[in-house]
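As written in TrEMBL, here are the features:
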- 27-48: transmembrane segment (TRANSMEM)
- 55-77: transmembrane segment (TRANSMEM)
- 107-126: transmembrane segment (TRANSMEM)
- 138-159: transmembrane segment (TRANSMEM)
- 179-197: transmembrane segment (TRANSMEM)
- 204-222: transmembrane segment (TRANSMEM)
- 234-254: transmembrane segment (TRANSMEM)
Amino acid sequence: MLRSLAIAISMYSRIPMPQFEWKEKDMRYAICFFPAVGLIIGIIEFLVYRLYKNFYISAELGTCLFIAVPLIITGGIHADGFIDTSDAFSSYKSKEEKLTILKDPHVGAFGIIRFATMLLLYYGFTYEAFLSCTKRQFACIFISFVLARSLSGLAAVTIQNARKGGTLQSFVKDSNRNMAAGILVFQAVVLLILMLFVNWKTAIGFAVCSLFMYIYYIHKAFKQLGGITGDLEGWYLCIQEIAYMVTALIVWHISMMFI
């Protein structure tokens, strides 16, 4: 299990891990440890938030650090997927041609434009959350980095891959898919229950958000590509994290209306 954990962290982050040969038995449950990367990110985001609250750094700086943490920890692997997927979606070409665009190492203008737009929106929503949301709501946001990866991992082992090869396929092909799916669903349920004890309103909001975004993701994947890819997983993770931030703000504003 420790080898599976090391594989997951090595694959989806820039955190140094012991080097060893990746064997089939070690790969079976590696995807189940993908949420561990989210746990690391969530802990560091908590420290950033405490820095903002206890050491009185500006909300602007706190927001910038909050957005930078996932990019630094992951090495931008999911951002890269977002950019490539945005290029493919913006091409309005056939599914086969879109899959070819995803393999193109060059970055297109539409990918850059959409990524810049995403960062601006993420900055705005996060800045507003820093000024408005409660500490308990932020605790749910920290947990959401783990939840998003549980759902992303679930998609990886349950949804049809758009192509036979690719990084995602090589990572999950040796997985015990049924067992992995069960573990990832269990993780997601436990995380949502934990959120209920922290802030029940935000927890319900995140549960609804998770369901809506997951269904939207599946619909988008099959409509655009005929299945998922590693790049599309990165795209989903990026928009899911922003969706949680927006949901936290919506919950806060609704709560304020009834005070």
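A Cβ is built for glycine as well, from the same backbone N, Cα and C atoms used for every other residue.
Residues 1, 4-5, 7-9, 11-13, 15, 62, 65-66, 69-70, 73-74, 141-150, 152-153, 156-157, 171-176, 179-180, 183-184, 187 of the same chain, all 6+ positions outside the transmembrane segment (27-48), place their C-beta atoms under 8 angstroms from a C-beta of that stretch. Against the transmembrane segment (138-159), the recorded stretches 55-77, 107-126, 179-197 differ in Cβ pairs under 8 Å, and the greatest number is found for 179-197. Between the transmembrane segment (107-126) and the transmembrane segment (234-254), three or more CB pairs separated by 6 or more residues in sequence fall under 8 Å, so the two stretches touch.
Within the chain carrying the transmembrane segment (179-197), a Cβ under 8 angstroms from the stretch's Cβ atoms is held by residues 28-29, 31-32, 35, 140, 143, 146-147, 150-151, 153-154, 157-158, 172, 203-204, 206-207, 210, all 6 or more beyond its ends.
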